[in-house]
Each structure stands twice: as structure tokens, then as C-alpha cells.
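Peer 1: Annotations for this protein, taken from Swiss-Prot, read as follows:
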{"type": "BINDING", "residues": "C146, C149, C159, C162", "note": "Zn(2+) binding site"}
{"type": "BINDING", "residues": "K334", "note": "ATP binding site"}
{"type": "DOMAIN", "residues": "580-682", "note": "domain 'tRNA-binding'"}
{"type": "MOTIF", "residues": "15-25", "note": "motif ''HIGH' region'"}
{"type": "MOTIF", "residues": "331-335", "note": "motif ''KMSKS' region'"}
Amino acid sequence: MANSARDILVTCALPYANGAIHLGHLLEHIQADIWVRFQRMRGHKVHFICADDAHGTPIMLNADKLGITPEALIARSKADHVADFEGFNISYDNYHSTHSPENEALTAEMYKKLRANGFIKSRTISQLFDPEKGMFLPDRFVKGTCPKCKAEDQYGDNCEVCSSTYSPTELINPRSVVSGATPVLKESEHFFFDLPAFEGMLKAWIKSGSLQPEIANKMQEWFESGLQQWDISRDAPYFGFKIPDTEDKYFYVWLDAPIGYMASFKNLCDKTGLNFDDFWKKDSSAELYHFIGKDIVYFHSLFWPAMLDGCDLRKPTNVFAHGYVTVNGVKMSKSRGTFIQASTYLRHLAPEYLRYYYAAKLNNRIEDLDLNLEDFVQRLNADVVNKFVNLASRSAGFITKRFDGKLSAEIAEPELLAEFVEKAAQIATYYEEREFGKVVREVMQLADKANKYIDDKAPWVMAKEEGREAELQAVCSMALQLFRVLAIYLKPVIPQIIARAEAFLQDELTWESLNRPLLNHAILPFKALAQRLDPKQIEAIVNETKEQFVAQQALEQKNSAKAEPASQVEPIAETISIEDFAKLDLRVAKVMKCEAVPESNKLLRFELDLGDHTRQVFSGIKEAYNNPAELEGRFVVVIANLAPRKMRFGVSEGMILSAGTGGADLFLLNADQGVKPGMQVK
């Protein structure tokens, strides 16, 4: 048990109110919930909060597309998100929204304090403006040709093909993603948060030793490259909070989003009588932890603590970042049926299965977690059903049938029970350090010992022999005592299953009760705590996800056909001479190997045979070919004399030709039978 109760405030990153919760989101919420449940079992006062991130251009545009107000869209999203989290037994004390009176008041208050303290600057900037929609375009709402490698259909902030970063104004032939119009440059006054002013404070913070090493190392890289002032304003039209003392300026979503943590807690305080300042004042003794994904470390380790410090508020005790979820070793994919929504999963499987699997693979490092669907079935059946649940089922029946549900008055194997209970300190340390995989391994090792005890004693043999009733009761009672200890250890991970165990044991399983075995105690008849997984259940989830994707594509194509003119043929480029064409050395190449680049949303890595040598080429066709291995063995056309380009993932030694508008609409060029690797295209 803990020496004294701690006051702890825990948050998860705020899901964006513009889409469904999927299994990638759930990794973080399950991870945090397990940690919170453990802390509560140890007697600490934990307040677990979250909210929907409900502002920004994407929400405004999607609402317009759906013909509803942004308020209606975010209300619908919040209801869906709350239902999904409740379905997975995420034990939030409060789930709020950034589009709330509390958040609006806190955001304005903090902005005014930062401004008064000299940390808000203003200057005029030039931005791309959509003349048809009458709006400034965020980076991700502009597409065009990369100014570095000339790859088409690239976003306004970075190129997925060559990994270059640039400003939207550098794009060649830019176009608005919103309307398709050619944007124009327009000046506007913007407000900036003076992040460089906090460099000294942030450097001292990372030296405190409380942050994950990966985060501290990454922050050091950012310091070396130089901190920049942060644009915290957006121009109308924009769905968000208006900046005080302005007519048409709004807070950038990432300014008010983290303040949403405070707003959700303020909402909880108003409902329960908690003291808000006790948790947020500069000298607060309460602990504050943020569970986040690795993609938003920048905001939580730089901007957020700097904003808090600039307002004379406390900084987080720690920021816990995790990696992404992959499925079967690759990025989640809608077309493959692995981009699984929470609601789809819950229609087919119990939430405890995913909670257990994630826990079994989680550690305290920033590593991606692979959900291997075949391993998922095997592990759940082997661990939860065969080892844990079966330990109770093979013992409880004898107690209820032969002894009126009464456990023995004494412990048959005191030393064995003591061995199980003594593991509590180590398991508690693993929980505290978020080493959930180690918790699961430790518990399953104990489960193996408990099942070996049953196998060695063979109560089914005792039950057939006269005069061994007392021994039978003692052995089966001992097995249930061991099961009870394991159930206490697993309660933060699989609370729903353990609730059923508590019902049949007629005992509330607490960490404190580890040293209080159930002696001469009555139990109820055993009922199945968990069902075996059938691979067909996984197939059903995957198939339903694929069907959702097909239906979504059909709807988008239907809407696109209504909105777009019939002709989508690109105009012919300027005339070139035969000499210009002759400069290109086009060759036929055979695909020897093709694989996805995990760090990129668009790139595939090809190993090509050009007859007398092999080459590595990266191509941005990942969306069009989501099963790269199927390309192996086919022929493609390559620009062979293109200068090699060094990329973040390696050197690309050519360019593979394809036709189409980009994204999923790309098609590799085929060659007739009889061609050989290295043949020149003329």
C-alpha cells in the first residue's frame, strides 16, 4: 500500500470532433485508464478528465459540407465519442468540450495575462487566400507541386515524396483543397506567442529528469535548431473563439485545445466542489500527467508548459507519450479493413480483449504497438481464457456442488499463497512505471504456477475417491485463493471480467485485501467470465470495416460527380523538342521487392532489377497500392537517369512513372509480355 494518498490529475489528448474513435485512439485512453485504475486501487485521489477538441477549419468545412452547423457536428461527435469510451470502460470523471463557456473564459484570461506579461507579439504576414470561398487557407488546405522534387499533389507544409518542408507560398501551381481555385497572396495581421522567451525555463525543465528520455532528447534537438515565435491567430471565417479586442481574429485551435484540459477540470470542480486552484496554481502539490501520442509532443513539451509558465501557473509533472498502432505490421488501412472504429469492434467483441492485448504489449517507451490479429486471438484464448478464467472454472464447480459453496477455513499451501502475495510490490512498481507488459508477464507466470498446482493435485481424481472430501475442498479453495490474487493484479486491465469474478466470489477485490484470504467464505455458482475468441469474429470486424470503406467511397464519388464538371483531363503541357525528350532515359524495370515506408503516409520502397544492376526507388503511390507485395514480379517504367535524391528514408535512384490525379487515383504503367529488365523505352 502507498504511504500517503496523492492528489493526481490525469488527462488524455483531446480527440478531434470531426470523426469516429478508432483502435489507434484507444491505445492512449486504455493506457491512461489502466494507470488511473491502479492509482485508485492504491488509495490515491485521482481525477481523470478529457474533452473533445472542437474547433478549427476542418470542422467548419465538414459541417458546411453536411449542411449542418459546426455546433451540431461537434455535439454529434461528442455523443459518439462518449459512447465509445464508455463501451471500453474508460473511467473518466468528466468528459467535456473545448467549445464551452469554461474554455472560452480561461482562454481569454490566459491570453490577456500573456499579453500583459509581454509574451504576445503581432506582425503582418502574407498568406494564401481562396478568392472563391473568401477565406485564408491553412497549410493542409493547399496542394500543389513540390518546389524541391516537383512531385505533384503535395500539401502546403511538406512533401511526402522527398520529405522537404516549405511554406505554402513556395508551392508550384497551388490550388485550394476547399474549392479548387487558384489561391492569391493576401496580407493579414497575426498574433504570435513568444516561445523563445521561455527557452531557459524549458531547458531547466528537461534537466529535472521527470520527462521520458525520448522527449527530453527531442526537445534538445528543437533547442539546437532554434525556437520560433508561434502563430496563435487565424482569420475569419473560422470556427473557434474570437481573440479579445479584435474584430475578425480567432484563436488557433492549438491555443485553446490544451486549455481544454483546464476547462474540463473546471467543469468538474463546479459540479463537485473541488478547488480548481489547488491543482493549477504555481506551487500546487498535486500531480498533473498528460497521456499523449508521439505526434503532439511538440505542443505538449514546448508550447503548453511555456504558456502555463507565462501565466504564472504550474507545469505538468510529466508528459507520457506513446507510439502509433499498426495492424499486422503495417499502418491501419480502410481498404484492408484494419482501420477499425471503436463502435465496429464493440459490435463483435468484448472491450476487455483489446484492453488486455494492449496492456500485454505496452511499455513506458515511445514505441509503436502492433495489433497482430492472429496473435490477438491466440493470446487472449491462451492467457485470459485458458490460464486465468479456467483456473476458477475448474475449481469452483467442486466447491458449489460438493461443499455448498463454502471455502475451506484454512489455507492448504500458505507458502504458495505468500509467494503470490509477495509479488504485489514488484507488480505495483511495474504499474506505476507504466510497464504494463511486465505486469501481464508476471501475472501469467503466476497463473502457470497456479494451474500446475491444480494439475499436480488433480481434484477430479479426488472427487471420485471416498474419504478425500476435506482434501478436495482444501485444494479447490486454494486454487480460488490464488485466482483471487491474480484477479486483484489484473483488475486495472480487465475491470469488466474482474467485476464478474467479484460477483461469484462475493468479495470486493482491492489491493489492500491481498493479505486477507477468503476463509470459510461462501461463493456463488461459477458463471463464465470470458468466452473464447473465434477467428471468424475478427473476420467479421475486418469485413464490416471494408464495407464501410466501400460505402464511403461510393458516397464521395457520387458527391464528387455532382460537384465537378464532366471533363477532368489535365491540359496538355507546353511543346518540347525531340532533343528535350531524348534527355530522358526511360527503362523497363522488374519489381523485385516492394514494401511500405512506415514513417510515411504516401511512400513505397521499391527494389528494382534493371538488367545489369538493381536500384532502390521511392514512389508516392501508397494510397493507390495498399498491398505492396502484390507489385512484386511485375514490370514498371522508370526514369533511369534522374539524379539520385537523398531522402529521410534512404536514397531514391530514379522515378517510377504512373498516371492519374494523385492519392488513390494513381496507376502504374504496364509493359507487354516479352519485355526484359533494362530495356529502353523509345
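Each residue, glycine too, has its Cβ placed from N, Cα and C.
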Peer 1: What same-chain residues, at least 6 away in sequence, bring their CB to under 8 Å of the CB of C162 (Zn(2+) binding site)?
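Peer 2: Expected: C146, K148, C149, A151, R645, M647, S652.
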Peer 1: For the motif ''KMSKS' region' (331-335), find every same-chain residue at least 6 residues outside the stretch whose CB is under 8 Å from a CB in it, and list them.
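Peer 2: Tertiary neighbours of the motif ''KMSKS' region' (331-335) are 22-24, 324-325, 545-546, 548-549, 552, 596, 598, 601, 626.
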Peer 1: With DSSP as the yardstick, break the motif ''HIGH' region' (15-25) down into helix, strand and coil residue counts.
Peer 2: 3 helix, 2 strand, 6 coil
Peer 1: Looking only at the motif ''KMSKS' region' (331-335), what are its DSSP counts of helix, strand and coil residues?
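Peer 2: Output for the motif ''KMSKS' region' (331-335) reads 0 helix, 1 strand, 4 coil.
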Peer 1: Determine the mean pLDDT over the domain 'tRNA-binding' (580-682), rounding to the nearest whole number.
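Peer 2: In the predicted model, the domain 'tRNA-binding' (580-682) has a mean pLDDT of 86.
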Peer 1: Under DSSP, is C146 (Zn(2+) binding site) part of a helix or a strand, or is it coil?
Peer 2: coil
Peer 1: Which numbers of helix, strand and coil residues does DSSP report for the domain 'tRNA-binding' (580-682)?
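Peer 2: Going through the domain 'tRNA-binding' (580-682) residue by residue, I get 7 helix, 47 strand, 49 coil.
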Peer 1: Ranking the binding-site residues C146, C149, C159 by other Cβ atoms within 10 Å, which is at the bottom?
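Peer 2: Ranked by other Cβ atoms within 10 Å, the binding-site residues C146, C149, C159 bottom out at C149.
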